[in-house]
Amino acid sequence: MSLHLYNTLHRRVEPFEPLDPACPTMYVCGPTVYNYVHIGNARGPVVFGVLAALLRRRYGALRYARNITDVDDKINTAAQEQGVPISAITERFCAAYREDMKKLGVEPPDIEPEATAHMPQIIAMIEQLIERQHAYVAMEHVLFAVNSFADYGQLSRRDTEEMLAGARVEIAPYKRDPSDFVLWKPSSDQLPGWDSPWGRGRPGWHIECSAMAAAHLGETIDIHAGGIDLQFPHHENEIAQSRCAHGSSTFARVWMHNGMLNFEGAKMSKSLGNIETVHELVAKHPPEALRYALLSAHYRKPLDWSEALIAQSVRTLNRLYGTLRDLAAYPARAIIPGNIEAALDDDLNTPQALAELATLANEARIQLADTTHHAAAEVTTALTRLKAKLLGAGLALGLLQQTPEAWFSQGTNESDETHIQALIDARGAAKQARDFVRADAIRAQLAAEGIVLEDTPQGVRWMKQHT
């Protein structure tokens, strides 16, 4: 099966056919760096990171850009409230974002353009829009004339009245039409600004992505992706700007949108006070469990985020890593199974891929439990093959990329491990001396410290209990 993706523009699943099969292009909208990102903001990077890896396997190369918005009124407000320079806000939260994504197993994009480094390209694109009569200057602002673009609304499929009702549209006296949006606005001396033909100012949010995408990926790109909340007005405006500036019929050939996260059944929002940041979550839970949870529902569907979901993800990973630990005697290199690739080819069906991963682990456990009825060479071949597929399935999803020992000892340090091993040895000595009361007391002590013991034919194993 070839890769098929749901294209929001056409409202259907379509075969993916890149403009250049030697190197597809993909642009994903990144964060505005004024605070730590919440867990909903991580869904796109995780899911589209899986897609990026799939595209590299399929085509051998990929040009993947994910931007950083480092000029925005939210950033200005945060700096003012905290009494620090704007650069202190952007540098701090840009670094935090990269670190949080790394912990979630998100590979960095090939290109991570920052808006402030692309002012010449942004200004040049605005000049093109004015020259082509798709934009106008009014009271030191430059605005895009929505009525000049006949296809406006093709992505969100809204009429003008719906657009005005569904977005925070500023009704300003300098607008020719209420639906027109800002490309450039004036800056006071206290705000960041750049010299331009229209005076000192700064760009609107939408033009930044259009200019950066064109600068790094060209006037027409294969895939543009982001959260469903960006479909309108951000992505709709990107299409209008880009097509009008370049005089082209297509900006992005495939538009992909991931669904939003709900928290304990309610929409995640600052007003409800139920936002959970990635920064907080990776400090409390194994980051790989958060990644697993983000992949557990199809990317286009809403995902109900909860402590129960995280706990279930931890338990599942305990089983998967436990299987790999039991397969330690069988060296193997990762081989991505065909049914995993088929699941991902089906519009990134990660729930199906995770189900296939679980099936592989179950098959391995059955084989491990039934080694006496088969020749040793046959058992070795079968278990080595299953381990290779298990590792490969994990690789395709960005899971199982640490050793079982590292997974089970998360949250402990070398001193903790020495202490734990000493107690395990003491428990072993107590059992050998048939002092079972002492042995049980040691197990209880370790349990109170969050350490779970497992007695196996290979010896005592332990794991740090995670929530």
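Placement of Cβ uses the backbone N, Cα and C atoms for every residue, glycine included.
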Original post:
Same Zn(2+) site as C209, H234, E238 according to Swiss-Prot: which of C29, C94?
Top reply: C29
Subject >> Of 31-41, 295-305, 317-327, the range Swiss-Prot labels motif ''HIGH' region' >> reply: 31-41
**OP:** Match it up for me: which of 17-21, 267-271, 457-461 does Swiss-Prot list as motif ''KMSKS' region'?
**Re:** 267-271
**OP:** Look at each of the binding-site residues, C29, C209, and point out the one with the fewest other Cβ atoms around it within 10 Å.
**Re:** C29
**OP:** Whole-number Å only: compute the distance from the Cα of C209 (Zn(2+) binding site) to the Cα of K270 (ATP binding site).
**Re:** 25
**OP:** Using DSSP with the three-state reduction, classify C209 (Zn(2+) binding site) as helix, strand or coil.
**Re:** helix
**OP:** Give the number of CB atoms, excluding that of H234 (Zn(2+) binding site) itself, located within 10 Å of its CB.
**Re:** 17
Original post:
Between K270 (ATP binding site) and H234 (Zn(2+) binding site), how far is it from one CA atom to the other, in Å?
Top reply: 20
Original post:
Within 10 Å of the Cβ of E238 (Zn(2+) binding site), how many other Cβ atoms can be counted across all chains shown?
Top reply: 26
Original post:
Excluding C29, C209, H234, E238 themselves, which residues in that chain have a Cβ inside 8 Å of the centre of the Cβ atoms defining the Zn(2+) site?
Top reply: W205, H206, E208, S210, H224, G226, L230, H235, N237
